[in-house]
Each structure stands twice: as C-alpha cells, then as structure tokens.
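Student: Okay, these came from TrEMBL:
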DOMAIN    45-236  domain 'Succinylglutamate desuccinylase/Aspartoacylase catalytic'
BINDING   H53, E56, H150  Zn(2+) binding site
ACT_SITE  E213  active site
DOMAIN    252-324  domain 'AstE/AspA barrel-sandwich hybrid'
Amino acid sequence: MFDFLTQTLSGEPPAATTGQTATLDWIWRAEGILELSPHQPCNSAVVISAGIHGNETAPIELLNQLVSELLRGERALKVRLLVLLGNPPSMQANKRFVDADMNRMFGGRHARYVPGGETRRAHQLEQAMALFYRTSSAAGAIRRFHYDLHTAIRGSLHVRFGLLPLQTRPHGAEMLHWLDAAGLDALVFHRSPGGTFTHFSSEVFCADSCTLELGKALPFGSNDHQQFTGIRLALEALVSEKPLPERQADAPLKRYRVTQDILRSQEDFQLHIPGDALNFSPFPKGFVIAEETGKVFRVEAPEEYVLFPNASVALGLRAGLMLELERF
Ligand SMILES: [Zn+2]
C-alpha cells in the first residue's frame, strides 16, 4: 500500500488508483486527493484538508498518519472521507504558496487572479469537494463536515483556535461540541464572507465547516506532536464515530467575533500594530490600528484583539482582523 503523503510529494499517481481493504474502498481522485468509503452504509460525509499552505507541515503529517492507519485497517472507518493535501508544489518547496495564497481564492475567486498553479488547484479542489458531497448524498451520507487544518505564521496567545465562516444558519451544535472536545483554546466567528476553503464548503454545500489553526509552522519532521494530541484524538473519534475525547485544556473555550477587517486600499497604508505582536494581543479603545489616505482604523470597543496582522499585503487584501471577546 502506498503512503499518501510520500506518493503526493512524488508528483506521480500510485500504480493503481483504486483499491479496497477488508473494510473500505479507496479512490485516488487526483494528486493529493483521496476518497475513502466504508463498505457499510454511513450517514456522514467528512472532508479533512491540510497543506492549503504548503509549509504548514504538522497537520499534513497528522492527517497522513490517520490515512495510513485507515488504509492499514488499524482504525475503523464509519464515515465517507475525502482527504485533501491542498497545495503539493508549495509543500515540496516548504513555502506557504508558490504564486498566491490559495486560501483567498475559493468560491470562484480564483477566476480574478492571474492564472497559475494555485488558481487551477483551487478550482480542482472545489470540483473534488462538489463531486464528493454529491456522491455521498446519493449514497445516503447526508451530514456534511469540513475541517481545514493549518498552523499560524506567528506566535499566538491562544495556541490552538478555530475560525468559523460567516453563515446565515446557526453553526452546528455537534461541530461546536467537537471543537471543544478537540481542546481548542478559542473560536473566532467571521462576520463577512471570504475566499477561504471553509467559507466555500459552508456556503455552497451547507457543511459544518471550521478552519483550525494548530500552533506554529515548522519544517517536516520538526513538529512537536504533543501539542496536537487533542485534535488527533478528536479526528480519530470523528472518522470512527467513537465517543469524543475528554477536553484537555487549561481554560474553557473562549469565543471571539470579528469587529473589523483591516483592508489595505491605498499605497500609503500604514499598520501600527508592532511587527512582533502575537495573535490575540489586546489593544485599548482609541488605539490607531492603521492609517491610509482617507481612512483611520481605530479600536472602537473597550478592548479589541488583533489576529493575523500583516503590513505587507497587496492592495485590496486584508492586513489583519480585529476581534471582540464574547461574554456570556
Ligand atoms: Zn494556513
């Protein structure tokens, strides 16, 4: 049996592109796109993706481990499962992306970019997901989940957190319970649409979707897998439909909502958040977050927290998010 990650990094398909084990059928749909179906009927269609940013290796290794155990029959599969390694060329190069950030391109936004490897791949992943959810529904697996696994570029006051896409329906209780059990420290609720993979799966397929940020990006082999224990156990429970692990965390899960998208629209845009600020660093009311001709971004709430600050984004893109803590 091939190793999914090694095979994907080789750039070649496996000798056979379909096969079966005692308990499941598998189909290699394309490079880094593997579908696993249990022999018995099931209710859920689960997509787990990693490597949308190629240098975020820990979740790629984690996901590959899970796939290997399923293919070897060491773990029971009780859901239809689509496993995606998002951006193989950037994984080979150990870079976030080759030409452009793929996690801004979903929902057809790739058509607005200069055509390249990432625009083609984003389109291919969209189609693979559409095919998977459609065929799963036809087979009776009508509950849809999508977890997109990442690691953050910078340090963070919350090491593990989830980003939930804007949606008009409530976020699924089962997913929220799963995220808590996975030991995440915080959840961030978006309030505007975006080009992320999970916004796409939520909006187009009504999947319960969450982007998971699991610590900091390190090269292949250098990851401390200890800090991923909670998420590993939760993913194992998800695919095998076993009871969820008990939450292991020092504090209860915090919830934040996005208050401001800091968009860079002018050449003279200046971000006043220090370059080394950790994610979730607090700033007081009145603090000038950023300035450009015609616009000043200020902290409006008593306290706001910064997420993903990046002064060097291209015009029209997001230089950061500001958050407010939700209190119950
Ligand atoms: Zn990422």
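Including glycine, each Cβ sits where the backbone N, Cα and C put it.
No curator has checked TrEMBL annotations; they are predicted automatically.
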Student: Measuring Cα to Cα, how many angstrom lie between E56 (Zn(2+) binding site) and the residue listed as 'active site'?
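Tutor: Rounded to the nearest whole number, the Cα-Cα distance is 10 Å.
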Student: Under a criterion of Cβ-Cβ distance under 8 Å and sequence separation of at least 6, what residues of the same chain contact E213 (active site)?
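Tutor: Correct list: H150, T151, A152, S156, R160, F161, G162, L163.
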Student: What mean pLDDT score does the domain 'Succinylglutamate desuccinylase/Aspartoacylase catalytic' (45-236) have in the model?
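Tutor: Per the prediction, mean pLDDT sits at 94 for the domain 'Succinylglutamate desuccinylase/Aspartoacylase catalytic' (45-236).
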Student: I'd like the per-state residue tally for the domain 'AstE/AspA barrel-sandwich hybrid' (252-324) from DSSP, helix first, then strand, then coil.
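Tutor: With helix first, then strand, then coil, the domain 'AstE/AspA barrel-sandwich hybrid' (252-324) has 0 helix, 37 strand, 36 coil.
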Student: Report, as a single number, how many Cβ atoms besides its own are within 10 Å of the Cβ of H53 (Zn(2+) binding site).
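Tutor: A 10 Å sphere around the Cβ of H53 (Zn(2+) binding site) contains 24 other Cβ atoms.
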Student: Kindly point out which of the recorded positions H53, E56, E213 have a C-beta less than 6 Å from some atom of ligand 1.
Tutor: H53, E56
Student: Hey, of the binding-site residues listed (E56, H150), which one tops the CB count within 10 A?
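Tutor: Per the Cβ count, the most surrounded site is E56.
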